[in-house]
Amino acid sequence: MSVTAFFEKAWVRWAAIAIVIVALVVFPLVLPVFANQTIARIGVFAVAVLGLNVVMGYTGQVSLGQIFFVGLGAYITVYGVLHDWNIILVFLLACIGPAVVGLLIALAAARLGGLAIAMVTIALPIVGVPLAKRLGDITGGSQGLSARFTDAPQWSGLYDDQWQLYIVIVITAIVFLLTRNLVRGRYGRAFAIVKGNEAVASSMGISPYWYKVIAFTVASLIGGVAGFLYMVVIQFTSPETMSFAHSITLLASMVIGGAASIIGSLLGGAYYVLIPQLTNIIDPNATALLQGAILLIVLFVLPGGLVSLPRVIARLVRRGRGTGGGRTPQTTPIAEPDPAAATEGIPTERQGHA
Amino acid sequence: MGTFIQLVVDGLSTGSIYAALALAIVLVNQATGLINFAQGGMAVLSAYIAWWLTGLGVPLILGILLSVAVSFFLGAIIERYLMRRFERGDPDTAVVVTIGLLTLITGLCGWLWTYNNQQFASLFSLNTIQFGGASISVRSLGTIVVMVVMMILLQALFIGTKLGLALRAVAVNPQSAAFSGLPVGRLLMVGWGLAAVLGAVAGALVAPQLSLTPGMMDTALVYALAAVILGGMTSPIGVVVAAWLIGVLENLAAVYVPFIGYDLKVAVPFILIFVVLIVRPQGLFGRRTVVRV
């Protein structure tokens, strides 16, 4: 029995989901503070990467402005919290605000083909940073603003980091679930056709323009959610939050994790958070050098991103066996002998990919 | 009036630097369909090489020429051993590869030569000329002249030489070019090399003004990208004109529009892009392309 077939059995799926849920409930209680904070940060940026994936991975429009919406969401959150608004209202505004701005930008930008959208979106962080500094009355200028609103309530008996991680897990899980349904449904198929060939999409009665606008708006909304979560975990925002460098890293994280992939978004979030920590440990002076090198090496070995790793390993194993085996002995027990299953890899993750 | 002339000349001068980078981007884009985000980083590396050579006692002009030569080979090597693998693949991945290259090169400069500002001697004297009530720096004029010469040389290369013809053939249709017996791979290497040369010249021109740091070209790259879009991907002259337009307009807006000022002047080219692209999605000078299914 192949791995794929094994995972397609209903009870296996449900068991796996149950194990993940139990793990997500238990881990925050047992892990040290630093681990909890790191996981929470991964959640924040996984959501941001997921948003980028909707517009770029699934719809094929290169966006360099995703971090702007994260920053906007964070600023709306901090503004609402400092004015003692109801937190549910603040959350909704942090979703709606970026979505509206994203919609307005998309209405103009989606008229343009190809990389022109990238150029328009590059402007968002470039203009956003000085604008945030200029509007100092609202944004606190270069100093930034901080807001603590996610201390653990008394009745819960939890520590702050545990409480924050639970908030992140719940919201992240909901966003991932909704996005998964979106990209696997009717919209996801339309996105894939637009990505594959706009002319074909038009001839099928799918308006590339509207689907690009929808994808961009959804991505902005998800970016806003990431901004809210950013304030939950980091509790501080400044113009630096939406700097161009962060936007670039977000894009790199998406491709490294795996474009057009839900799991890839999680891996991308992990890359975003963990790689700077790793390179700092190795040599703080060479952080940028190492990050660039790691990025290039990953793309060289895995152009499809980390999510394609199981498939690549399976292929190597098959090739190794074909030529007498033994080239990658340590991976042999993981992969199953069925070549058909190996080529399938993680088929469901690549649905909607034209 | 004096201020106005001064702003226009300074704008043309900074615009020339954007133009050099923008031409490099167009050169690569025409040949490979890629936008090379590492173009600014490559220019910084060239500037560091020139600076390092002058530190060893090499005269400035020779140092710059040597760094230009080295840049040609670096560009060609990057094409051959890194980009070629991604050129015909998923464009998203290729874009991210160039971003990775940008991070790598910036990091390399910072690691080798620290992130501190370094003084880079200017090719031109720092004197000013009085003209119509404006004091115009020789450096601004020199930058503009170098840029115009580069443009003419590039144009002559493309129109007047066999190499230029071959490069254009590869740009229009690599497959047909290959069938006609052109060494497409080698031509792509030359294209990347020439782009790196343009970047090296831009780096040498901008380094004395901004003082040399690994992130020196980041803003210039953004402006260059704006010029590329505004001018239209397919027109080198359009790109240069757009770069000058951006340089002049942002200078004027910074002074004459109070809300914009110096910190928000970076917004000007993008507002311009927004307006132009809504009217002409192919850019000011670009050709409209028809897509066949």
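In case you wondered, yes, glycine gets a Cβ from its N, Cα and C as well.
According to TrEMBL:
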| type | residues | note |
| --- | --- | --- |
| REGION | A:320-354 | region 'Disordered' |
| TRANSMEM | A:12-31 | transmembrane segment |
| TRANSMEM | A:38-58 | transmembrane segment |
| TRANSMEM | A:64-82 | transmembrane segment |
| TRANSMEM | A:89-109 | transmembrane segment |
| TRANSMEM | A:115-132 | transmembrane segment |
| TRANSMEM | A:163-183 | transmembrane segment |
| TRANSMEM | A:213-236 | transmembrane segment |
| TRANSMEM | A:248-274 | transmembrane segment |
| TRANSMEM | A:286-309 | transmembrane segment |
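With Cβ pairs under 8 Å as the measure, the transmembrane segment (A:12-31) is packed most heavily against A:38-58, out of A:38-58, A:64-82, A:89-109, A:115-132, A:286-309. Tertiary neighbourhood of the transmembrane segment (A:38-58): same-chain residues 27-28, 31, 66-67, 69-70, 161, 164-165, 168-169, 171-172, 175-176, 179, 182-183, 188, 191-192, 195, 215-216, 218-223, 225-226, 229-230, 232-234, 250-251, 253-254, 257-262, 264-266, 268-270, 272-274, 277, 352, selected by CB-CB distance under 8 Å and a gap of 6+ residues from either end. Between the transmembrane segment (A:213-236) and the listed ranges A:89-109, A:163-183, A:248-274, A:286-309, the one holding the most Cβ pairs under 8 Å is A:89-109. Counting only same-chain residues 6+ beyond the ends of the transmembrane segment (A:248-274), those with a CB under 8 A from a CB of the stretch are 38, 41-50, 52-53, 56-58, 62-64, 66-67, 176, 179-180, 183, 295, 298-299, 304-308, 346, 349-350, 352-353. Same-chain neighbours of the transmembrane segment (A:64-82): 48, 51-52, 55, 89-91, 93-95, 97-98, 101-102, 105, 118, 120-125, 128, 132, 138-139, 145-147, 149, 219-220, 223-228, 230-231, 237, 239, 241-244, 246-248, 250-251, counting only residues six or more beyond its ends whose CB sits under 8 Å from a CB of the stretch.
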